[in-house]
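S.K.: Provided herewith is a single structure, encoded as structure tokens, for subsequent inquiry.
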4 protein chains.
Amino acid sequence: MTKNTATLLISCPDRKGLVAGIADFLYRHNANILHADQHQDSELGLFLMRVEWDLHDFALTPEQFAQLFAPIAEKFEMQWRLALSTHRPRVAIFVSRYDHCLVDLLYRHQAGELHCDIPLIIGNHDDTRWIADSYGIPFQHIPVHKDSKEEAEKTQLALLRHHHVDLIVLARYMQVLSADFIRHYPSRIINIHHSFLPAFLGAKPYHRAFERGVKLIGATSHYVTEMLDDGPIIEQDVARISHRDAIDDLIQKGRDLEKIVLSRGVRWHIENRILLYANKTVVFD
Amino acid sequence: MTKNTATLLISCPDRKGLVAGIADFLYRHNANILHADQHQDSELGLFLMRVEWDLHDFALTPEQFAQLFAPIAEKFEMQWRLALSTHRPRVAIFVSRYDHCLVDLLYRHQAGELHCDIPLIIGNHDDTRWIADSYGIPFQHIPVHKDSKEEAEKTQLALLRHHHVDLIVLARYMQVLSADFIRHYPSRIINIHHSFLPAFLGAKPYHRAFERGVKLIGATSHYVTEMLDDGPIIEQDVARISHRDAIDDLIQKGRDLEKIVLSRGVRWHIENRILLYANKTVVFD
Amino acid sequence: MTKNTATLLISCPDRKGLVAGIADFLYRHNANILHADQHQDSELGLFLMRVEWDLHDFALTPEQFAQLFAPIAEKFEMQWRLALSTHRPRVAIFVSRYDHCLVDLLYRHQAGELHCDIPLIIGNHDDTRWIADSYGIPFQHIPVHKDSKEEAEKTQLALLRHHHVDLIVLARYMQVLSADFIRHYPSRIINIHHSFLPAFLGAKPYHRAFERGVKLIGATSHYVTEMLDDGPIIEQDVARISHRDAIDDLIQKGRDLEKIVLSRGVRWHIENRILLYANKTVVFD
Amino acid sequence: MTKNTATLLISCPDRKGLVAGIADFLYRHNANILHADQHQDSELGLFLMRVEWDLHDFALTPEQFAQLFAPIAEKFEMQWRLALSTHRPRVAIFVSRYDHCLVDLLYRHQAGELHCDIPLIIGNHDDTRWIADSYGIPFQHIPVHKDSKEEAEKTQLALLRHHHVDLIVLARYMQVLSADFIRHYPSRIINIHHSFLPAFLGAKPYHRAFERGVKLIGATSHYVTEMLDDGPIIEQDVARISHRDAIDDLIQKGRDLEKIVLSRGVRWHIENRILLYANKTVVFD
């Protein structure tokens, strides 16, 4: 049974009466609240909220909601967004040769863990086409070379527009996107970095972790910004290693981390659980 | 700077308008909400809430609150409790010979991690008196033998009453409390069991974990009920072991688990983060 | 590059001179030891060892090894086994409807994480055939009903013999194997149980974990013995849950645990890292 | 019962016959090996070994061992060290105002977890003297100011020499030691850094972790070298945080990490489990 709910995400200056105002509005229009969570950042004087309600008895269409909620939003200087569970976001996956994150995402999608549509996989190599095929998802091979990068990004952007893509997932995509490309999808590109950021940002993090002799390796999913590996962190996890682990073992153990950390980030984004502020994320559970 | 807040804990049948009703009440009396968290158990149709607000501008005394909130509470059939951060709960610690949890709790108390008073430590052995002394806390040695248990519990209860104790912490107290004793402090006795419950309930869990060949050992803090090791679980954690660990290593590794898991349970209770229902806990973070 | 090594697994009564005897034997026949690990169980007076060496310069064939090592083995009353890395064990996977462990194992196999051949997948339902197909592995649908179980097991055993299967992996296979079946593959059937054993053995562990209100859920891979869920534990892991997790969330979080815990167990078995004694495992890392 | 064992630590170029040579030597002198572990770094062609045996029937005194083992050591170009369990290393603890690691170490020492003597605690503040007093350990207050640092280190070194100190533990000692000081105790100073190195090296790591929005905080115990926070890592661990955690919560959660990670590092050093190479540690378990 598909659920039929609305999720409201709000961020605004913290003030008395906010919760009462919102709760009262929802109650008056007959919302049955399923989850509500909020966070105050006392230092920044910021109020952040996520509230989800059943649409069964709810009196308003999204358009009516927008109209009637506007005065409250204005009064409290809110940034807000309403998301319906019936709207499945459209996700494009970018991939290179490493296929573990791609396989993991497609399996989770097919198993019903990710409530989204995946209209498009873009690979700068052709190696993972067979995986896309086995899940029946269109695969586009767009090679990227030093000289052709601008051209390639144009092709990619055209495809993304054509497929009305809402979110781009870099599933171990081994190319750095241009600032121009990123500006088209602000806070809508999720990357997996194979280290515990901010340690080992940039290239070959497992090799550098091995050299430094750390006792845990990590993975980080984050939104992509123009600064490499510096965007808001969504999720991180670590695994224990020992002197018995060679670089190949780190890479193998890391794959399991990468899969889990990326898929959590994607799921939380899709479920509208993430709010951004001050280059950080609030993840409402 | 000590904070001056009120925390309201509510559990009642789930209904529309609950959040609006509560938020509106607090707003009208000028509460500045610092944290609010809620949980719906859809299967049981239950609504649980914890809300904490700054008392600085709040218009009501606790007595006025009780009076004015009563109609709302009645309308929604609420069980509710108001706790003030200025009220420090009074905690008694029961201990036998193992002293690691006692030392840990006293250090955390002194370091300001546990906002409570500790007017009393009761030991059925005298071994840990020196620790109580070094932290300047009264220690009562009440031996417990097969024949003297009833008598001993009477003495304990008298002391607890005398010291107006709100919460009893069994810090590896190696005696089983009688059902009669427990009835005096329902949901107000916290025990640490040195296993991952419900595995290895009862005696000698590390020995049985060793025999069974498990790969992780655990610890569980829980409220004490008349059924041994069956009360509502507050917190659990585990540590990895290997074939290299003998029973003594399990016991040593377990000590670190026990300290952390018990102290978390006690802290959450003191901070009014725990709601009980259906022999389970909701821990609001 | 495939490695070309031999692994010797030994268990025997602990005695002086054991390591010297074995190391000297290997040295005299020009073995280049890559890894050596040992364990003494002082309580049982048991010595357990795993030693792996490069076969490049090694002077003996397996047959010669058996002949020349026999006197040492006899002197020290050893149980021993020699495994060559060039021998890929033959693994059959049993599956029902849940497909996550199957998909995970097949992906890891294809990615080179599991050095084995998988000649056969047996399903008591036909649902996962498409997955077997996409990896090009033969799938046999053998329905199991109350009355047909004995017959079904006969068919299964015939297939296993036909394919020279060394190890059976129960990848969430929802049928209990008969004692007679198990006797054909002693210590060669690995199961994944979706709880932290010995907690919640038997049916519906996630439901019972939810009811008991535990704060962590677990998974356990173990060898199958005639006693249900009582065989030697190979690996366990846990994941944190909260009151926000409904049973469906437990099941979803549990899937990730099950995949990792089962695949580790299978890999360690294949890599000859596991020694069994006293209903426990030693896993040499 | 105190155990009476010898531990031999070896590092040398990897060669055939090493294990056989060592095992044979020990066997001929009637050693009963309790544990033996080894590691080959194939890239560097390095062999590392730790072997521990019961001295009960052992035929050699340490002096005889040194004499008779010399030819083998020379042949294989070994660096080696023999440690007797009856020799309790002498440990000095340096501390500033934060007392949690000090309290933790002293408790573990008194509980028998750390097989060492602690003849001396040096504080650059006097705040923790009462803790030293309650455990009956001499406390020296040596203030350190910008101008007096050289003088202070001279006083410290004199005290360390006087007390024949083998190991210095910096238990949240908030002063940077001079290169000259460090040269007196190469690989014999253990520090706890309150971050997951190499992330957030230097000052105020919790504040920077908070700012960066990481989802896990960490702690690292490491040997002190002249490069700040760059010495060989002994142990690391992490704890999960969320947006609900303010900096004070990070600091509080971090304390538990720091205690555990530092005490593990100290224990492993004392138990002669650590070998150093290439600015890394091998920790034999």
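Cβ coordinates are placed from backbone N, Cα and C, and glycine is handled just like the others.
Unlike curated entries, TrEMBL annotations are predicted automatically.
Annotation source TrEMBL lists active site at C:Asp229. Feature annotation from TrEMBL assigns domain 'ACT' to C:7-87.
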S.K.: Determine the Cβ neighbour count for the residue listed as 'active site': the number of other Cβ atoms within 10 Å of its Cβ.
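M.R.: There are 19 such Cβ atoms around the residue listed as 'active site'.
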S.K.: Quick one: average pLDDT across the domain 'ACT' (C:7-87), no decimals.
M.R.: 94
S.K.: Within the domain 'ACT' (C:7-87), how many residues are helix, strand or coil going by DSSP?
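M.R.: DSSP classes over the domain 'ACT' (C:7-87) add up to 25 helix, 32 strand, 24 coil.
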S.K.: Determine, from DSSP, whether the residue listed as 'active site' sits in helix, strand or coil.
M.R.: coil
